[in-house]
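Trainee: The structure under discussion is supplied below as structure tokens; questions concerning it will follow.
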Amino acid sequence: MCSATYAAVPTSDQTALKLSFGSDDGGSSDDLLSALGAISRASLDSSTADELQLAALGHKAELKRQFSPLSMLGLAFAILNSWTALSASLSLALPSGGSTSVVWGLVTAGVCNLCLAASLAEFLSAYPTAGGQYHWVAVISWKRWVPLLSWITGWINVSGWIALVASGGLLGSQLIVGVISLYDATYLSKRWHQFLIYIGYSLVAFFVNAFLNHLLPYVNKAAITWSITGFLVISITALACSSPHYASADFVFRNFINETGWPDGIAWLLGLLQGGLGLTGYDAVAHMIEEIPDASVEGPKIMVYCVCIGMFTGFIFLVVLLFVSGGDLKSIISSSAGPLLQILYNSTQSRAGAVGLLMFPLICLLFATTSIMTTSSRMTYAFARDGGLPASNFFARVHPKLGQPLNSLCLTTSLVIMFGCIFLGSSSAFNAIISASVVSLGVSYAIPIAINCLQGRKKLPPRAFVLPTPLGWFANLLGIAYVIVTSVLFVFPPQLPVTASNMNYCIVAFAIILLISIVQWLVDGRKNFTGPRSDMGLEVLEAVKSQQQRPTDDLDPKIAEERDIDI
């Protein structure tokens with residue numbers, strides 16, 4: 001190894017480097033990951049270190065690292081967009097616990113999702129690859145079960161992201177239909193009206209992703225700017241217009257109603273679906289991690305930050321809405337305009353004013369749908385790259401001119417449109433699709449965490465982001481418990497008695513996904529799928545060595561001085 005680089009590595013890590021480079025087989029996976037993680041930015045520039053670490057995980061860097069930490073935080077926050085998702089989905093929680101479900105359900109879901117995000121951030125710091133959960137499962141699982149567990153996790157994660165794309169269009173279509181109802185009391189909304197709006201959202205998101213890929217970093221920055229601006233404008237305007245006729249604090253923090261037919265306790269827990277929706281999708285950072293620099297350091301921070309920002313803005317915004325709501329939840333729930341628009345109208349006493357404020361969440365949802373589709377296509381691409389999908393070679397291609405996995409993007413969009421067809425047949429399809437996204441993503445979060453816990457939390461190598469042992473155990477176990485509870489509850493029908501129209505068809509969607517994945521496993525997966533490559537390979541070692549020994553004529557003098565190299 002080049003002595004200049006070796007001198008730049010902390011003494012405590014030099015032994016690992018010696019072992020990794022000195023062994024005939026190139027060293028174990030953990031040894032080389034530790035070695036690569038130990039190489040400081042004084043010895044390798046960040047882009048090269050990122051590429052070597054990705055190569056160490058078995059993949060060639062094909063996507064440009066065009067996202068800055070701020071633009072990636074914008075993408076993550078655009079996907080969560082908690083205050084928008086929470087306010088647009090008030091119809092999920094208000095009948096299932098009223099104000100207490102809206103406010104304290106968010107706090108409960110927020111703490112649990114923060115535990116999950118912090119737990120996943122450890123994995124992301126150790127293994128920054130777009131595969132995310134299914135790759136982490138493959139790396140830490142018992143060798144015998146690696147292919148099957150990785151396969152299951154990958155299919156669950158892919159389906160969860162497709163369902164989440166669908167949720168953005170459905171929320172937007174509900175708000176637009178509500179605007180029509182506010183202006184025309186005789187308007188009778190039909191499902192195909194919402195479906196066409198849903199298709200419009202999906203196609204706009206596809207167009208931006210397919211043909212404006214180079215502008216996505218700017219789109220993400222615009223998304224976070226628009227979102228925070230909307231949060232402030234709506235909050236200040238609604239409070240000013242309602243002054244001094246606010247609802248009581250008792251109404252905001254203690255009012256409980258139950259219009260579901262379920263026992264009160266079950267009803268309140270069902271209301272957690274709103275908080276779960278507003279704080280899910282933070283693994284987007286993992287699936288986009290190959291497109292940001294200094295991935296193993298910046299990625300985990302962004303994952304945790306976006307959940308914290310979502311909790312804070314979501315809590316404040318929901319409390320503001322309840323204070324300006326007028327205090328009559330039953331009329332808000334039954335309003336044909338939808339809960340959010342009705343609350344804005346109650347506050348401003350102006351249809352034009354209410355619709356004007358509604359433009360912020362409407363455009364936020366368009367940003368969110370675009371960002372979710374970006375992430376979903378990258379997740380599909382990553383799984384296909386490892387042979388997890390039918391026709392994987394086709395879906396794992398990166399378009400040479402557009403610079404993104406266009407085939408995976410087309411697959412995602414097609415499935416989103418097909419998935420939305422459920423809405424035409426069931427009045428509870430909205431709940432089913434939302435439930436499917438939250439449950440699928442939650443299960444994909446819990447699987448790698450649970451496997452790591454079963455092995456004493458000892459499977460992750462040295463990394464930049466580490467939870468202290470007691471806190472790590474607490475976060476892991478609370479997150480797993482939350483996923484188990486919500487996975488059972490969120491497939492319940494939203495109301496009793498259960499009929500064919502109000503049935504929660506989330507369980508049907510899961511059955512279809514499970515059937516397809518089982519058939520594909522029997523036909524192809526069990527023979528050819530071995531999970532993502534987690535071995536380091538001699539070619540990675542050669543890449544490291546060649547990087548260290550490259551000509552220094554083109555180096556900046558300051559960098560060369562830091563590396564202790566004479567030019």
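For all residues, glycine too, the Cβ spot is worked out from N, Cα and C.
Grabbed the feature section from TrEMBL, which reads as follows:
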COMPBIAS  551-567  compositional bias 'Basic and acidic residues'
REGION    545-567  region 'Disordered'
TRANSMEM  70-90  transmembrane segment
TRANSMEM  102-124  transmembrane segment
TRANSMEM  162-183  transmembrane segment
TRANSMEM  195-216  transmembrane segment
TRANSMEM  222-241  transmembrane segment
TRANSMEM  262-282  transmembrane segment
TRANSMEM  302-324  transmembrane segment
TRANSMEM  352-373  transmembrane segment
TRANSMEM  406-425  transmembrane segment
TRANSMEM  432-451  transmembrane segment
TRANSMEM  471-492  transmembrane segment
TRANSMEM  504-523  transmembrane segment
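Situate these features within the shown structure.
Mentor: Distant neighbours of the transmembrane segment (102-124): 86, 90, 93-94, 132-133, 136, 252-253, 268, 271-272, 274-276, 278-280, 282-283, 285-286, 289, 296, 299-301, 303-304, 306-308, 310-311, 314-315, 318-319, 322, 442, 445-446, 448-449, 452, 460, 463, 465-467, 472, 474-476, 478-479, 481-483; these residues of the same chain sit at least 6 beyond its ends, with a Cβ under 8 Å from one of its Cβ atoms.
Same-chain neighbours of the transmembrane segment (222-241): 70, 73-75, 77-78, 81, 83-84, 313, 316-317, 320-321, 323-324, 343-344, 347-349, 353, 357, 360-361, 363-364, 367-368, 370-371, counting only residues six or more beyond its ends whose CB sits under 8 Å from a CB of the stretch.
Within the chain carrying the transmembrane segment (432-451), a Cβ under 8 angstroms from the stretch's Cβ atoms is held by residues 89, 92, 116, 119-120, 123, 132-134, 136-137, 140-141, 149, 152-153, 156-157, 159-161, 163-164, 166-167, 170, 273, 276-277, 280-281, 283, 419-420, 422-423, 426, 459, 476, 479-480, 482-484, 486-487, 490-491, 504-506, 508-510, all 6 or more beyond its ends.
For the transmembrane segment (504-523), same-chain residues at least 6 beyond its ends with a Cβ under 8 Å from one of its own Cβ atoms are 148, 151-152, 155-156, 159, 163, 389-390, 419, 422, 426, 428-429, 431-433, 435-436, 439-440, 490-494, 529.
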Trainee: Sequence gap of 6 or more, Cβ distance under 8 Å, 3 or more pairs: do the transmembrane segment (195-216) and the transmembrane segment (352-373) meet that?
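Mentor: Checked: the transmembrane segment (195-216) vs the transmembrane segment (352-373), in contact.
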Trainee: Are the transmembrane segment (352-373) and the transmembrane segment (471-492) near each other by the rule of at least 3 C-beta pairs under 8 angstroms (pairs 6 or more apart)?
Mentor: no
Trainee: Could you tell me whether the transmembrane segment (352-373) and the transmembrane segment (302-324) have 3+ CB pairs under 8 A, leaving out pairs under 6 positions apart?
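Mentor: Contact absent: fewer than 3 Cβ pairs fall under 8 Å.
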Trainee: List, by number or range, the same-chain residues at least 6 past the transmembrane segment (262-282) whose CB is under 8 A from its CB atoms?
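Mentor: Here the qualifying positions are 76, 79-80, 82-83, 85-86, 89-90, 92-93, 95-97, 100-102, 105-110, 113, 117, 120, 161, 164, 167, 256, 303, 306-307, 310-311, 314, 372, 375, 431, 434-435, 437-438, 441-442, 485-486, 489-490, 492, 494-496.
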